[in-house]
Amino acid sequence: MKGTGIMDCAPKALLARALYDNCPDCSDELAFSRGDILTILEQHVPESEGWWKCLLHGRQGLAPANRLQILTEVAADRPCPPFLRGLEEAPASSEETYQVPTLPRPPTPGPVYEQMRSWAEGPQPPTAQVYEFPDPPTSARIICEKTLSFPKQAILTLPRPVRASLPTLPSQVYDVPTQHRGPVVLKEPEKQQLYDIPASPKKAGLHPPDSQASGQGVPLISVTTLRRGGYSTLPNPQKSEWIYDTPVSPGKASVRNTPLTSFAEESRPHALPSSSSTFYNPPSGRSRSLTPQLNNNVPMQKKLSLPEIPSYGFLVPRGTFPLDEDVSYKVPSSFLIPRVEQQNTKPNIYDIPKATSSVSQAGKELEKAKEVSENSAGHNSSWFSRRTTSPSPEPDRLSGSSSDSRASIVSSCSTTSTDDSSSSSSEESAKELSLDLDVAKETVMALQHKVVSSVAGLMLFVSRKWRFRDYLEANIDAIHRSTDHIEESVREFLDFARGVHGTACNLTDSNLQNRIRDQMQTISNSYRILLETKESLDNRNWPLEVLVTDSVQNSPDDLERFVMVARMLPEDIKRFASIVIANGRLLFKRNCEKEETVQLTPNAEFKCEKYIQPPQRETESHQKSTPSTKQREDEHSSELLKKNRANICGQNPGPLIPQPSSQQTPERKPRLSEHCRLYFGALFKAISAFHGSLSSSQPAEIITQSKLVIMVGQKLVDTLCMETQERDVRNEILRGSSHLCSLLKDVALATKNAVLTYPSPAALGHLQAEAEKLEQHTRQFRGTLG
């Protein structure tokens, strides 16, 4: 009555295997991976030809039909899954279990099948069990059972007898119940066995005991057939019949949850499936991580004090720990496979309890993880906090009993792949900048000007004769100070560049990220060479005898290398700054809220020092760069400090509330310091002398006067940027300073062209025009300042 047995099952449902991965393009489309088993709900979807409505892991959606393959029945006499059959049967008593007999026998009276609607309907009572059907990465399926009210639980992987003689077919275990798996499985009383295995494995058949009864047509399976399918003998428990992973009443929990290994004292040792078994045959792609281990004997003397998941039928990977006496759970083999992010497969999204081999080992790992977290939390900087890695290969498999902790582990598992790939960047990219757009632009421009001016200060000493003894002996100290300024300015700019790179890592524009990273790497390499050469010179205390060279060197020394790299830095810095300014809206957020009031702190003296500090630093730099005027500037700076402190602190020590920009008078101009006034006057004098040298048309004099104009102009720009504090005024000064720098560069290029093409009237005329443009802009710039 095979046909009748099939018809007795639930209504027919189609299953399909996914042939390819599918990434959904909309919310109605179903996502699945290759090898997933989908339940086809509807093949003719209105207005969606070529799409099927399918169900996977409790999610419904449309799936492309050309990516699915409908699964057909392999054998007509496949047993009907018992837990599907239970949906149609009457309620059962608390003393029944399921059994698959081996020989057709007339049925004996016994309890009916227990009702199994609890796993498919509504909320469960406190004593019910919730079933979840995971889709592990391997081809084997397991039924994970989560107990809500009592701790005993079991995860069983059951071999299919009718598949034992088909070793070439893919291995299967019970998954979502379907109706076409075979004939009806009848109930059996307690104290019965599924398989009656003789004591000697040489017997040709399987003979069940007299007490066993069955009413279904299961074909007789010989031992040779089982061996061909990977079985030598099967367990012969002396307790109740074969235990299926199905719901039972609380009173039966102690019987059905008893692990198979607990019968070891009453039964003979049995063999586990070999590597050629059709019961568990992982794909070749993952076979490297699974090494079949045939544990032929089960320990006889083991007494379990805690519930244990039976180990029968699982091929554990290499290095799996043995069970101890204080076992709480045994992790299934599907969860001992290497982590999901290492296999490029979908993570297990089900809320499966995870555990380690023993309570003691779990306690040790928890203690280690706690120490690591405390150590990592002790660091003050959150930008460069590194991801801590646990010394155990299974650190994230520890989970608490609460559903919240397990949910957090599941959610973190689903995003581990992307997290690992995005966090593999260097430590430099971990730092981020949280700056306003305007502040970021001002910062990068100020740092750029600082690098350019420091490099220009060193280039003033570089000429054809700068390594001669007389010249180098007079300027060795100034050159040393210039190298210090260059190293400091480049270091500050590189720190800012790393912060910009860290901010760019949060963007989706990979092209912008690559541009910023490449340009930052160029600056970083230059800075590394500067450090190496400067440290080499500092370690030798800048020996004059070694640095003096009266002839051309065949290979550059440390000082020459420093100058060569520093000469190229302004262009690299400018390129990086242009990238940041052009993409500022992507990298930084615009601060739309402008502060209307600015209040001084109660410590007015601190504010006074803050406003006076930049001129003091600039004064010190000028004292170092111009030793001849050291005494005069020292006296001037001390007077300036006293005057400015008296003016600022004496005005109003209380809150300072500036008028809104709309109410301010247009005549208000930035107030210049005495240093800036002096530099403006010096620049006008240098430009006048430059015009005089152009009239005489002497190349040497033209070069000298041009260098003087450029040097004074750079010092003026540097002083203006350092002394300006107010944001609105600072932006205005930075714009004028940037234009002034571009004009100085044009003058330098025109001077070079005029000298190389001397005595070309056209080149001299072009140089004259550039000098006039510089003078005109300088006068306009000076007029905008107070």
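Cβ atoms here come from the backbone N, Cα and C positions, even for glycine.
Among the candidates Ser305, Ser328, Ser412, the residue that Swiss-Prot annotates as phosphoserine is Ser305. Among Ser232, Ser289, Ser376, Ser637, the residue that Swiss-Prot annotates as phosphoserine is Ser376. Checked against Swiss-Prot, the residues Ser390, Ser555 yield a single entry marked phosphoserine: Ser390. Candidates Ser249, Ser760 were compared with Swiss-Prot; the annotation phosphoserine appears at Ser249.
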